[in-house]
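Per Swiss-Prot, N-acetylalanine is recorded for ALA2, and the stated evidence type is similarity to another entry. Per Swiss-Prot, ATP binding site is recorded for LYS23, LYS31. Look at Swiss-Prot and you will find LYS31, LYS64, LYS120, LYS121, LYS172, LYS277 tagged as ubiquitin cross-link. Marked as N6-succinyllysine by Swiss-Prot on the basis of similarity to another entry: LYS31. Look at Swiss-Prot and you will find LYS31, LYS120, LYS277 tagged as N6-acetyllysine, backed by similarity to another entry. According to Swiss-Prot, the transmembrane segment annotation covers 37-46, 65-75, 80-87, 91-100, 106-115, 134-141, 174-186, 189-196, 200-209, 213-222, 229-238, 265-274 (among others), on the basis of similarity to another entry. Taken from Swiss-Prot, the feature phosphotyrosine covers TYR78, and the record attributes it to similarity to another entry. The site 'Involved in ceramide and phosphatidylcholine binding' annotation in Swiss-Prot covers LYS85, and the record cites similarity to another entry as its basis. Summarising the annotation, Swiss-Prot assigns phosphothreonine to THR118.
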Amino acid sequence: MASYGQTCPRPMCIPPSYADLGKAARDIFNKGFGFGLVKLDVKTKSCSGVEFSTSGSSNTDTGKVTGTLETKYKWCEYGLTFTEKWNTDNTLGTEIAIEDQICQGLKLTFDTTFSPNTGKKSGKIKSSYKRECVNLGCDVDFDFAGPAIHGSAVFGYEGWLAGYQMTFDSAKSKLTRNNFAVGYRTGDFQLHTNVNDGTEFGGSIYQKVCEDLDTSVNLAWTSGTNCTRFGIAAKYQLDPTASISAKVNNSSLIGVGYTQTLRPGVKLTLSALVDGKSINAGGHKLGLALELEA
């Protein structure tokens, strides 16, 4: 995402991947909130360059505790990244990625997962290619019934973005996903619209009002229904170490969050979700998250 007060050169810089279209608006709605969870994230790096990331959370409604552990090592000389993953469902994952070695802008990733409890295995080959004005992606999910192919393309010029995303299920010999998106992006404004499978329509607007205030509007509608989903969110930077976030939707769900950097590498987030239609009935949710990084 471009920074405030800057615009992309013409022709524009590398466009985002399809999954990242509209990301600036989504981040205002999602980051700084953690309703119904008590969460701890820890990140550290060894002297040899190995990165360790661990995360644990407890659901305040169900009491269920989940956790993940990830180690990552980058061999920069050869553009290689090795990643090992584990979670409390006892699923093991291995990922090997190589970037900018075969050709500039090309990244290849081989991703596997294995569950010792069930014996289930999965494999995926991911590829992405990004250059000025274009961002392409192709992933292949391997399955015993037949591989599924995911493809995407985003083209950009002078701030305008156009993207297409599809999934072809070889077992069924048909397209199972067919999505389009159009958007416009400048340094402090982003507009994104999308159509998913011809039935789901959505749009979002991101606006950096000033250096300390970011706002976002989100709209979604599904054909065949009278239900339109609408939301407004904002984030205000109180000072370099603290920020407050708020959002509300047409279901009268009101969310607020407060993030404070206690010291370098230590961040605390408090959040609350209030049902505006039944304030006295209860059912509201609180959240607490602590991030440690060294």
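Every residue, even glycine, has its Cβ placed from backbone N, Cα and C.
Beyond its flanks by at least six residues, the transmembrane segment (37-46) meets 52-60, 287-294 of its own chain at Cβ-Cβ distances under 8 Å. For the transmembrane segment (213-222), same-chain residues at least 6 beyond its ends with a Cβ under 8 Å from one of its own Cβ atoms are 24-26, 28-29, 199-207, 228-237. Distance between Cα atoms for THR118 (phosphothreonine) and LYS64 (ubiquitin cross-link): 21 Å, as a whole number. Long-range contacts of the transmembrane segment (189-196) within the same chain, counting only residues at least 6 positions beyond its ends with a Cβ under 8 Å from a Cβ of the stretch, are 1, 21-22, 24-25, 161, 177-183, 202-208. Outside the transmembrane segment (106-115), and at least 6 residues removed from its termini, the chain residues within Cβ reach (under 8 Å) are 85, 89-100, 121-129. Proximity of distant same-chain residues to the transmembrane segment (229-238), defined by a Cβ-Cβ separation under 8 Å and at least 6 residues beyond the stretch ends, is recorded for 28-29, 31-32, 211-221, 244-251. Put simply, LYS85 (site 'Involved in ceramide and phosphatidylcholine binding') is 23 Å from LYS31 (ATP binding site) when counted between their Cα atoms. Cα-Cα distance from LYS120 (ubiquitin cross-link) to LYS64 (ubiquitin cross-link): 23 Å (rounded to the nearest whole number). Using a 10 Å Cβ-Cβ cutoff, LYS120 (ubiquitin cross-link) registers 10 neighbours. LYS64 (ubiquitin cross-link) has LYS85 as its nearest neighbour among the recorded positions LYS23, LYS85, LYS172, LYS277, going by CA to CA distance. DSSP assigns LYS121 (ubiquitin cross-link) to a strand segment in the three-state reduction. Checking each of the recorded positions LYS23, TYR78, LYS85, LYS121, LYS277 against LYS172 (ubiquitin cross-link) by C-alpha distance, the shortest gap belongs to LYS121. Among the recorded positions listed (LYS23, TYR78, LYS121, LYS277), LYS121 has its Cα nearest to the Cα of LYS85 (site 'Involved in ceramide and phosphatidylcholine binding').
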